[in-house]
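Copied from TrEMBL, the annotated features are:
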DOMAIN    62-193  domain 'Small ribosomal subunit protein uS7'
């Protein structure tokens with residue numbers, strides 16, 4: 001099932017557990033207070049209540065470079081507010097299950113799986129070789145976000161925002177398969193470092 005088709009899925013929540021040095025123990029009473037005090041609105045598509053994005057949160061989603069890039073990569077058919085709502089719900093779920101700053105956890109997760117370099121295909125005579133290349137910040141984040149979204153789409157949680165929040169927590173906890181994927185990419189870069197061509201030879 002593609003990541004795009006998962007947006008229409010509306011099923012009961014499933015609980016997850018995460019442990020981290022800066023994540024404190026979840027207190028049921030505190031979580032109930034957070035949930036009951038969070039402003040809600042009725043989703044016109046599902047008919048179910050969903051968290052209302054405040055003006056300050058929406059401003060942060062659009063101004064923060066990482067959050068803005070994540071929203072833009074999730075957005076389909078120009079429905080940016082829907083993508084913003086999805087990201088905000090995933091962040092609220094992280095706060096609910098970890099009692100930690102969801103923006104910090106998102107930033108940590110992306111940093112942990114962000115590759116520094118990758119390889120591109122190039123022809124050398126009759127052979128096709130892999131040539132390492134450096135990535136700028138936006139390219140590195142894009143690669144990390146693509147990996148996160150692809151891996152999240154294969155998770156077992158029923159709701160889409162739970163898959164994203166669960167994958168971010170798995171990355172921080174060191175149990176995500178993306179960490180191994182990043183390691184293999186860096187090994188490939190090292191193995192093909194002799195294919196890097198320079199314009200000057202000394």
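First residue shown is number 1, and so on along the chain.
Any Cβ shown, glycine's included, is placed from N, Cα and C.
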Do you know the mean pLDDT across the domain 'Small ribosomal subunit protein uS7' (62-193)?
90
Just give the helix, strand and coil counts over the domain 'Small ribosomal subunit protein uS7' (62-193), going by DSSP.
88 helix, 16 strand, 28 coil
